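Asker: TrEMBL feature annotations, pasted as is:
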DOMAIN    101-195  domain 'Glycosyl hydrolases family 2 sugar binding'
DOMAIN    208-310  domain 'Glycoside hydrolase family 2 immunoglobulin-like beta-sandwich'
DOMAIN    317-392  domain 'Glycoside hydrolase family 2 catalytic'
DOMAIN    404-455  domain 'Glycoside hydrolase family 2 catalytic'
DOMAIN    614-670  domain 'DUF4982'
DOMAIN    684-781  domain 'Glycoside hydrolase family 2'
Amino acid sequence: MANSKERERINFDADWQFHLGDIPISYVVKAGMTGGITDCEMLEQGEWLDIAFVDKGMESNAIPDDWRKVQLPHDWCVEGEYANDPNLGSRPGSNGYLPTGIGYYVKRFPIPASDLGKKIVIQFDGVMRCSTVWVNGHLIGTHASGYTGFRYELSDLLRYGDEGDNVVCVRVDATEAEGWWYEGCGIYRHVWLETTDRLSVANYGTFITTLTLEEDESRIRIETTIENGYQTPRDSVLVTTIFDQEGHVVVDSRRECQIGRYDVVTTSEIIIVPNPQLWSPNTPYLYTAVSQVFYQGRLTDRYDTSFGIRTIEFTSDRGFLLNGEPLLIHGTCNHQDFAGVGVALPDRLIEYKIELLKEMGCNAYRSAHHPATPELLDICDRLGMLVVDENRKLDSSPTGISDLEYLICRGRNHPSIIMWSLENEEIIEGTVIGARILRTLANAAKKLDPTRPTMAAMNHGWNWGGYAEAVDIVGYNYGQRDGQDVGDHLEYPDRIMVGSESASCTTTRGIYAFDEKHGYLPAYGTVHPSWGCTPEKAWTDVVQNPFLTGVFIWTGFDYRGEPTPFEWPCVNSHFGIMDLCGLPKDSYYYYKSVWTSEPVVHAFPHWSWEGREGETIDVWVYSNCEKVELLLNGRSLGVKAMMPGFHLEWQVEYESGELTTRGYRGGEWIAEHKLVTVGAADRIVLTPDRTELQADGVDLCVVRVAITDDLGYVVPTAGNEIQFSIKGPGRIIGVGNGDPSCHEPDKADRRSAFNGYCIVLIQCDQEAGEIALTASGIGLSGSCTMTSYFDGKCLS
Ligand code: GAL
């Protein structure tokens, strides 16, 4: 949302101080009791309560020196040491064997005297989890879920201008899990300070929907909620202006609104947008609605809403229709962590993940199993990625409903969101009580957003207790199991279905044999839990049964925790099509071949098997070409016809050299992939994902680090330890290598490569200039540079 004079939303991520571990509870509680007045002497008239927070018995406004400085988003869990010991707070397996615990954050900040009388709100986008917030010693609220945002009005409690600085203190208790995967710990999403007039558009106060779509016009409805926080009524004027993506005014409207004292009013209007540009994954066209509130000719608020014009429809026979056209969902389910940073992803890293998924041909993202970060939704709108935004729990308690309301009100203007998922695989699916709760959630969702269907991602409750009837779309998690999905379609032909989760195929990047000792799985894509299936089964099932609407593969990326089928020392999942660093596994090329029309031909395993000369190697090929030829050292090993959606196999007697795969369409050779027997590790090749960055203190570069031989071929088994150093206005914020059993720290300036690769994440400072990264290992070196720009200029 753009800042304006009338509405200021400042990022509040900088200058926090952090303390790991609890503080004796009595002191904290004391600080929470209206500033502990019971324990202090009564205050003299005009005296300030001078307790910001209470630390170890010392009532103080001073933040202790040993509370280290941190920049949000921050995840302290990823800073910890792996330990197979629940006494250390590491939840075996599910949390990736990293300790959780309790932590505190404090931040000191001034508020100008001129803001007195305004409405000042602190907004937390996500704190993992169970947070308690004090401002200037006053307890202001608690919030349990780590996945829903929350906000507190601070206006009464602040000190303005000369009255002194303010201190916000947040206690975070992440000891109890909310899910069964790595969740991180701490203030891992952004924090904002929002200052508005007391007559302003409410939080998430607009709701824009496409009513009709004709070729030359679209009717859209805009609902706007305005709050009057003044003691007297306000006869206001609301002016709504629609801008196109190029910034031209498309249409505007004006409405009078009478708003009583301390009242809230919602107006609804229908606006016609001529010649609408439709939103879709291929054409993610966005409009902006600017809502301006005037009182007695004075502008009191300007509130921007980004939205898209599009229609969605789900059918029981033709699947999903976007803007009236069938669109098969090529989806992936994803948790939110990444190498180097845990769950505290800088915005650019979220964007990077979405770009990687799009390159693979993925067109839909299921935020499993919780509401997505707000920035992820913005990015999906902008880049064109459909989203299933998901509720964390099947819970109709007041807290459960309020978490659902957050999910929906926060997301309902995002054109990328196509359905609300209300639960995932809850044990009480299919029970009478489960169905009641689901119905309550579905009704609550419909009330807030009648335009999108509700879905539940079920794994057993499909046909019991009226559970499936509670939602618009029935999610089939692993519905291919025993032909459940196809059978149910025949039995319930009117049921709208989606392949909400599938595959769970486990592979390790660059590994071609089952290795229980190290916790590695072969890349051939044949190992999966009993409920899962191969990528080929997951996809061809959908192609053969379009009523399934599409599929969401479990998962796009590996994530920490759930190291199925292993346990310690394995700490990461193996389900990803890409590893935790976003490096592609071989199955990536399977999905790319079936999800894009770009010619793909990809053979594996690698071709460096010294000592195995004469042995038979299973060579697999993924391709979307009609025919594929395999050649060893120039000799053809035969041409085979591809069956779309499957793979080809050759048994090849190993000899060193070159294994070439060629893809043909219409008899023409259109694609080639070469595997070579590599020489010894000779150098490090650093490939930044971008070389031009914004010098804004948060922009980020993902540098892929490859160990190559003297000819530049990646050594597919290299595990050399690499040391990084950086010069210029940037810093290393994390490293990773995708090895699911690696216990090296992610917060470091060194990392071992895993099967030839690792990554390093570089974040910019707020200073422009050249950032030079050098990498070295024993007998190896490499370097690369990036430039960060400030206002389009490199100043140094
Ligand atoms: C599903 C579940 C996921 C994950 C997956 C692993 O049943 O929804 O969260 O646990 O299994 O295969």
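One is the number of the first residue shown, and numbering goes on along the chain from there.
For all residues, glycine too, the Cβ spot is worked out from N, Cα and C.
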Asker: Count the CB pairs under 8 A between the domain 'Glycoside hydrolase family 2 catalytic' (317-392) and each of 101-195, 614-670, 684-781, then give me the winner.
Answerer: 684-781
Asker: Going by DSSP assignments with H, G and I as helix and E and B as strand, what are the residue counts for the domain 'Glycoside hydrolase family 2 immunoglobulin-like beta-sandwich' (208-310)?
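Answerer: Within the domain 'Glycoside hydrolase family 2 immunoglobulin-like beta-sandwich' (208-310) the tally stands at 0 helix, 73 strand, 30 coil.
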Asker: Between 101-195, 404-455, 614-670, 684-781, who has the most Cβ pairs under 8 Å to the domain 'Glycoside hydrolase family 2 immunoglobulin-like beta-sandwich' (208-310)?
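Answerer: Looking only at 101-195, 404-455, 614-670, 684-781, the most contacts with the domain 'Glycoside hydrolase family 2 immunoglobulin-like beta-sandwich' (208-310) come from 404-455.
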Asker: Over the domain 'Glycoside hydrolase family 2 catalytic' (404-455), what is the model's average pLDDT?
Answerer: 97
Asker: Tell me the residue counts in helix, strand and coil for the domain 'Glycoside hydrolase family 2 catalytic' (317-392), as DSSP assigns them.
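Answerer: Split by secondary structure, the domain 'Glycoside hydrolase family 2 catalytic' (317-392) comes out as 23 helix, 22 strand, 31 coil.
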Asker: On the DSSP side of things, how many residues of the domain 'DUF4982' (614-670) fall into helix, strand and coil, could you say?
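Answerer: Across the domain 'DUF4982' (614-670), DSSP assigns the residues as follows: 0 helix, 38 strand, 19 coil.
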Asker: Across the domain 'Glycoside hydrolase family 2' (684-781), what are the DSSP residue counts per state (helix, strand, coil)?
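Answerer: So the counts come to 0 helix, 55 strand, 43 coil.
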